[in-house]
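Enquirer: Pasting a structure below so you can have a look.
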Amino acid sequence: MANAASGMAVHDDCKLKFLELKAKRTYRFIVFKIEEKQKQVVVEKLGEPTQSYEDFTASLPADECRYAVYDFDFVTEENCQKSRIFFIAWSPDTSRVRSKMIYASSKDRFKRELDGIQVELQATDPTEVGLDVIRSRAS
């Protein structure tokens, strides 16, 4: 199951929680982290449907890498209610180089496990995941 390039496995819970977010909208967001000792991606935090985008960005550590999925609801110019599922690769400048390398090399394989991602963002600081950025990428 592990990827030869990065050696990271994906815990089944990651896929199950993502399916719940996508199909049942059970969660607003999911934050994933790589457990280096176990060599696998695991769920770190689940955001309730009532939680805001600010709650989501507050869940991203200032100096550690993470993967995250955010279910963004918005209204189009035609006044239609829509939703986009964002995949965010969070890799702050202040995180360890080794951590950045592991997250970068595991990203594509992990993303393939999550079927239904519509928009991908790479972010190194909070301004790159601002609500204005999300809005502009959603439409």
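Counting starts with 1 at the first residue shown.
Keep in mind that glycine also has a Cβ here, set from the backbone N, Cα and C atoms.
Since this is a predicted model, take the numbers as computed values, not measurements.
So TrEMBL lists these for the protein:
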type   : residues : note
DOMAIN : 5-139    : domain 'ADF-H'
Enquirer: By DSSP assignment, list the helix, strand and coil residue numbers for the domain 'ADF-H' (5-139), in that order.
Expert: 48 helix, 42 strand, 45 coil
Enquirer: Where does the mean pLDDT land for the domain 'ADF-H' (5-139)?
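Expert: Here the mean pLDDT over the domain 'ADF-H' (5-139) amounts to 94.
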